[in-house]
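Chemist: Here it is: the structure, laid out below.
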Amino acid sequence: MQIYLNDKPFEFDGRYVQDLIDTLQKESNGVAVAIDQNIIPRSAWETTDLLASCRVFIFESIAGG
Amino acid sequence: MEPLIIADHAFCSRLFAGTGKYASAEAMTESILASGTELVTLSLRRLDLQHQTDNILKPLQSMGVKLLPNTSGARNAKEAIFASELAREALQTNWVKLEIHPDPRYLMPDGNETLAAAEALVKKGFVVMPYVHADPVLCKRLEEVGCQCVMPLGSPIGSNMGLASRPFLDIIIEQANVPVIVDAGIGAPSDASLALEMGADAVLVNTAMAVAKQPEQMGKAFRLAVEAGRLAYESGLGEKRFDAAHATSPLTEFIGALS
């Protein structure tokens with residue numbers, strides 16, 4: 001199915017938020033996820049469904065002052 | 001030296017450090033280690049699928065320093081609150097350096113939006129460390145809404161212009177009942193020393209350490225400067241006197257005895 005990842009179309013075969021994180025080969029450390037402006041706690045990544053056309057935003061920690 | 005207490009946390013080092021602008025993760029790690037800092041700032045951004053960035057998080061976590069996410073990029077209170085909540089999830093901390101600058105050219109902090117966001121974030125249980133102009137009235141307001149410290153700027157971010165806001169920093173320090181951390185513009189270890197001598201509780205340094213030719217050595221220089229400044233403050237500096245010179249040795253009598 002197609003979802004929108006950080007405002008760009010993205011083909012995704014999994015079901016849960018955690019599947020998307022795994023697909024992207026990211027660690028949970030330093031990462032936050034929101035769906036339509038709702039932040040998904042890390043504890044809910046394995047139970048939160050991603051639906052077709054949903055807008056997912058993934059943020060990562062980077063250097064900054 | 002007395003430890004610095006913010007919220008429930010005691011810091012032995014009064015030097016906080018930013019992690020931006022370093023040429024490499026290795027240079028950052030060496031500089032942070034040499035500086036002796038126990039608190040470092042980080043930013044959040046949207047995941048970049050095209051470019052892999054250096055993983056700086058793991059080395060910082062292995063060093064045991066406390067991580068302070070900032071809300072850099074937020075242009076108003078609403079965005080800053082969202083950024084704070086994202087950061088809390090990403091880094092599993094309720095501490096946040098609140099910075100809101102609508103103008104990307106000069107990165108001037110927006111005091112109205114910062115106060116509104118600070119009040120909301122305190123109610124949500126955050127330890128809020130607001131970056132603001134050296135505005136004594138605003139700093140008092142931020143303290144009143146429950147901020148655990150205030151972070152007035154010395155001069156514009158990245159300018160290396162030192163404590164251009166000194167008269168206002170003096171007032172903020174005199175009035176504050178929460179720690180005052182001078183942030184932004186500190187370009188040399190002497191600026192950091194001066195801030196601590198004036199009674200600031202800590203300084204936050206980034207550019208001056210990160211862009212030095214030898215970041216590790218500069219980290220050490222800042223560590224020494226901050227320690228010196230704080231020790232001098234705790235020791236009690238002599239008052240400045242303008243009426244006349246006051247000799248520390250009785251030279252005139254010694255010379256008089258030869259004639």
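Keep in mind that glycine also has a Cβ here, set from the backbone N, Cα and C atoms.
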Chemist: Going by TrEMBL, B:Ala184, B:Gly185, B:Asn206, B:Thr207 bind 1-deoxy-D-xylulose 5-phosphate; tell me which of B:Gly146, B:Gly158, B:Gly236, B:Gly238 is listed for that site too.
Modeler: B:Gly158
Chemist: If you measure Cβ to Cβ, which of the recorded positions B:Lys97, B:Gly185, B:Asn206, B:Thr207 are under 8 Å from chain A?
Modeler: B:Asn206, B:Thr207
Chemist: Return the maximum Cα to Cα distance in Å (whole number) over the record's 1-deoxy-D-xylulose 5-phosphate-binding residues: B:Gly158, B:Ala184, B:Gly185, B:Asn206, B:Thr207.
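Modeler: The span, Cα to Cα at its widest, is 9 Å.
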Chemist: Among the binding-site residues listed here, B:Gly158, B:Gly185, which has the most company in the form of other Cβ atoms within 10 Å of its Cβ?
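Modeler: Of the binding-site residues B:Gly158, B:Gly185, the highest Cβ count within 10 Å belongs to B:Gly185.
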Chemist: So which binding-site residues are near B:Lys97 (active site, schiff-base intermediate with DXP), with CA atoms within 10 Å, out of B:Gly158, B:Ala184, B:Gly185, B:Asn206, B:Thr207?
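Modeler: Taking B:Gly158, B:Ala184, B:Gly185, B:Asn206, B:Thr207 one by one, none has a Cα falling within 10 Å of B:Lys97 (active site, schiff-base intermediate with DXP).
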